[in-house]
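Remarks on the structure that follows.
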Amino acid sequence: MDAQHLMTMSGISLEQVAIMGCSLGTGLLVSMIIYNYFFHPLARVPGPCTGAIFPFWSMSSLYRRRLNPDLAELHKKYGQILSLLSGYGGLLMCPRNTGPIVRVGPNQLSFATVEAQKMIYNAKPTHTGSDELFGRDGTLQDVLLSMILGAANIGSLSNRAEHKKMRKRLQPGFTSKALFEQESLLRMHMDRLLQGLAQDTGVIDLTEYFSRFLWDLIGDLSFGEPLVPEKHGRRTDTLRSLVGVYQGCFPILEAINYAVPQIEGVLKLALQLVPPATLRAVLPSATFREYDHPAINSHTTPLQCCINRQDGRSDFLTHIMGDKSSNPTELELSYDELHSNATVLMIAGYKTTETSLSALFYRLLSTPGVLEKLQTELFSNFQSIDEITGKKLLSLPYLNGCVNESLRLTPAVAGKFASRRSPGAIIEGFYVPSGTEVYTETYTMQRSPQYWHAPDEYRPERWFERGEGSPYAQDVHEAFKPFSSGPRACLGREMALQTLRLTAALLVYRFHLKIVNEDRFVWEQDTDSRMIYSKYHIKAIVQERLT
């Protein structure tokens, strides 16, 4: 007896079943909206209505690729009214220029204060047995990162103890001693960049030059040799397959993460069930394994050559592997784990540094008077370009001010993608229930008038003119967190800063630079902003100085 016959016997038609189903679905939807907007534990936190009932606000912002400016505007909007802070003891009303807390999703809060930054990212583990006070477990972005890379790495490990162990293994590659040892490698790639710029004529796209330079440099440091020479024509395609897949899924992930909270567990289980060989064949990161070593045979990858190498060279990967000559058992990571870590260092180091370098030269060339002051500082300290070293550049206040100020205005990674899960804690006077996704919005905090004088203006002198009577005396430098903070802060911070300082110093010392901006490009208006920036270009006329 089929279902239709049963319904006929009971006097219920298919049309009535459909109507009842639609009514039930509508009722559940209305109930969810009413609960999220009026009765949810986060209902008293200010924020857009479209964010309270469903993650429509985040989905829209990510789809339109305007995440950083949209979040800044959101915090500003809710800072113009009396920002509502709720704690155990009742309600506290306080006026601020920038709303300290905004509800951007049904179960998601964005903060923009130093206090929240410390609480979320620097808090020590609790005595309750959880991994950490604010953990990464349960964030769908981390699961997706694991899927893309296919093995445990410094970026995807959510367990605090395991992450600490991995970070300790990688840390020797990023110490001051390691940076000094790696400077010759940096200068080798830098010389190629300078030579290419010197030979080019007309209007030059600096961003494209920076992209090639950093791809070769970071690939050399991560895999033991530059990946994908330009003649292969596959450098851009490779990165797009890795980063594009990740970013393109963001709007959908926002909906899935809310509608199916258990999706992370399902994906983690799937990763365990799928054979590693199958994952390697289908994941975008598999393309890194296809590159041939030019000196050996077509079946030997750069990573394997680096593992086999005995020349004592210092790079990221040799520190990951440890000193095999003195302790053969030190190589505790599998090939897949080595590859996964090298890949994540490659992706993170390349794209973020390229963004920061392009943003730095955009500020240098488009802000009146800045380039001239930097030139004066460099020529007064160095008689020739050969005298310029990373160590000497540390003592130049204006150069370091230029770098820091660019990072303040343009942090490479959006704060949303360093989100954590609350274990149930009070942040900014508001009790944040367990499981709530929280993060500090770096872009907003680093442009907040609460912490900075003239927050939207590029003023390198704010970093060294801080004496009595200075307009920058009250600037709060604790609000400067372009590399995040705490145990998961960017491992390559010092390497990135050294690359930015050296590139700026060498280019400004050797060349006359003049921006060409016929299309009136403005960084804040014309770049795409999601997890990272995209669609930016810095065009300039570059002429070698007469010596």
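Each Cβ is built from the backbone N, Cα and C atoms, and glycine gets one as well.
As recorded in Swiss-Prot, the features of this protein are as follows:
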- Cys490: heme binding site (BINDING)
- Asn341: N-linked glycosylation site (CARBOHYD)
- Asn404: N-linked glycosylation site (CARBOHYD)
- 19-39: transmembrane segment (TRANSMEM)
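Around Asn404 (N-linked glycosylation site), the same-chain residues six or more apart in sequence whose CB sits under 8 Å from its CB are Pro460, Trp463, Phe480, listed in sequence order. Asn341 (N-linked glycosylation site) is surrounded by 25 other CB atoms, counting those within 10 A of its CB over all protein chains shown. Counting same-chain residues at least six beyond the ends of the transmembrane segment (19-39), those with a Cβ under 8 angstroms from any Cβ of the stretch are 49, 52-54, 106.
Within its own chain, the residue listed as 'heme binding site' has Ala348, Thr352, Phe483, Ser484, Ala496 as residues 6 or more apart in sequence whose C-beta sits under 8 angstroms from its own. In the three-state DSSP classification, the residue listed as 'heme binding site' falls within coil.
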